[in-house]
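Only one structure is covered here, and it is reproduced in the block below.
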Amino acid sequence: MMKFTKQNFFFLVVGMIIYVVDIGVDFWVASRYFCQGQYSWSMLILCFRCLSSLITQIFSYEWFKNDWEGTDTGKLKLVFLVHLFQCGIFIRYWFALKYGCQVTFKKMSSRDASKTDPSNLIQKQAIDAMTDINMLRVFKTFLETAPQLFLQIYILMEHGKTHFYQYAAIIMSFCGISLSMVDYQISLRKSLPDKDEFRVLSKVMYLFYKLLTITSWILSISLITLLSVRISVILLIFLWICGFTWTLKQHTTFCKSKKMEHLYRTVVGIILVFSFFNIKGKRTKVCISIYYATHTVVTLGILFVYIFRKPSIIKEICFAIVSILTISSLVLGIIFLVVYYCYFHPTTYCRPQACSDEVDGVAGQKDRVKTGRFQNFLMQ
């Protein structure tokens, strides 16, 4: 059984601090834009924040309701009120830190504990609590952090003038995406019983693969938005429709109710606009190849459109820098992707019986006690 370690506890504390700081930075940046008369930018930042908060609170409460089914309704009503005030994530951090503290620090005083000790149950509760937080942070990353990163880069490219709070927002976005990606993989390996622990190099390769491909794509979308906001919106909506349709065809079974399942599929469609995820735990070689081949074609197409429609812009240093960053990030990201799947993906060194048919997860098991919510979540 996987264990909740002091490193996991440390990442939980850091994650909670970054979450609080991120809220403060968002409101600070929004207020600065508002004071400068940039009301549209201010409203967009607040809309991203409110949308991601609302959706994560809905999922968080739904999970509490599913987990506490048949328990005290008074406790559930209190949890509902906390989520209504958009603070549900802090309840989850409290549970995770509480269980994590018990298994990482208090267990040191009980050396004679056996394998049948109740501490094993607390160990699982700590891992489950951490897993739920990291699933919610994946939602937040692609509903708020990635769109905000795109918005801030677009503003910098459009106006040219830079301020400290803009850099602060960009840095926080990169930190949020990076930490979310790493913690997501850690939780995935810990919550699935047939998977071994992730190696350090695997985490690094996965992090750079995701971060570089997402950065390249965000720069590409920023470039097409500079050329035409309408074309950019149409492109993003079209990509979301493609992602949502693909999710429907996968017949996902993440939620118990149909309404929540449709909301889940809608969110996955948004996630797929920015990055690839395998949502059924099946082999993804063809799908991931088509996905990033499409991103490459669209990225190169955007650069060629600039060359033909605005030849004069090629001489501008800013465009040259952004173009180089876009292409280099894409190339490096794909290189990290290939190296990760060829040499560092867990199936290259996990147990043979766990690697026979699946690449990223096992499909079909739904027992919460055995595998946790991750079994029917995004498997990558």
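Cβ coordinates are placed from backbone N, Cα and C, and glycine is handled just like the others.
What TrEMBL lists as transmembrane segment is 9-29 (among others). For the transmembrane segment (9-29), the list of distant contacts is 45-46, 49, 89-90, 93, 96-97, 100-101, 104, 130, 133, 137, 145, 148, 165-166, 168-169, 172, 175-176, 179, 183, 186: same-chain residues at least six beyond its ends, Cβ to Cβ under 8 Å.
What TrEMBL records for 41-64 (among others) is transmembrane segment. Sequence-remote contacts of a segment are chain residues at least 6 beyond its ends whose Cβ falls under 8 Å from one of its Cβ atoms, and for the transmembrane segment (41-64) they are 23, 26-27, 29-31, 33-34, 76, 79-80, 83-84, 86, 88-89, 91-92, 132, 135-136, 139-140, 143-144, 147-148, 151, 155, 255, 257, 260, 263-264, 267, 373.
As annotated by TrEMBL, transmembrane segment applies to 76-95 (among others). Beyond the ends of the transmembrane segment (76-95), by six or more residues, the same chain brings 12, 15-16, 19, 53-54, 56-58, 60-61, 64-65, 68, 125, 129, 132-133, 136 to within a C-beta distance below 8 angstroms of the stretch.
Note on the transmembrane segment (164-186): residues 8, 11, 14-15, 18, 21-22, 25-26, 28-29, 32, 130, 134-135, 137-138, 140-141, 145-146, 148-149, 152-153, 155-156, 198, 202-203, 206-207, 210-211, 214 of its chain, located 6 or more positions outside it, place their CB under 8 angstroms from a CB of the stretch. Residues or ranges marked as transmembrane segment by TrEMBL: 164-186 (among others).
With a cut-off of 8 Å between Cβ atoms, the residues of this chain six or more beyond the transmembrane segment (207-225) that come close are 146, 149-150, 153-154, 157, 174, 177-178, 181-182, 231-232, 235-236, 274-275, 292, 295, 298-299, 302-303, 305-306, 322, 325-327, 329-330, 332-334, 336-337, 340. Summarising the annotation, TrEMBL assigns transmembrane segment to 207-225 (among others).
Feature annotation from TrEMBL assigns transmembrane segment to 231-248 (among others).
The transmembrane segment annotation in TrEMBL covers 260-277 (among others). Within the chain carrying the transmembrane segment (260-277), a Cβ under 8 angstroms from the stretch's Cβ atoms is held by residues 55, 58-59, 62, 138-139, 142-143, 146, 210, 213-214, 217-218, 236, 239-244, 246-248, 252-254, 284, 287-288, 291-292, 378-380, all 6 or more beyond its ends.
Among the features that TrEMBL reports, transmembrane segment is placed at 289-308 (among others). Within the chain carrying the transmembrane segment (289-308), a Cβ under 8 angstroms from the stretch's Cβ atoms is held by residues 213, 216-217, 220, 223-224, 227, 235, 276, 314, 319, 323, 326-327, 330, 334, 337, all 6 or more beyond its ends.
Residues annotated as transmembrane segment in TrEMBL: 317-341 (among others). Sequence-distant neighbours of the transmembrane segment (317-341) (same chain, 6+ residues past either end, Cβ-Cβ under 8 Å): 157, 160, 202, 205-206, 208-217, 219-220, 222-223, 288, 292, 295-296, 299, 303, 306.
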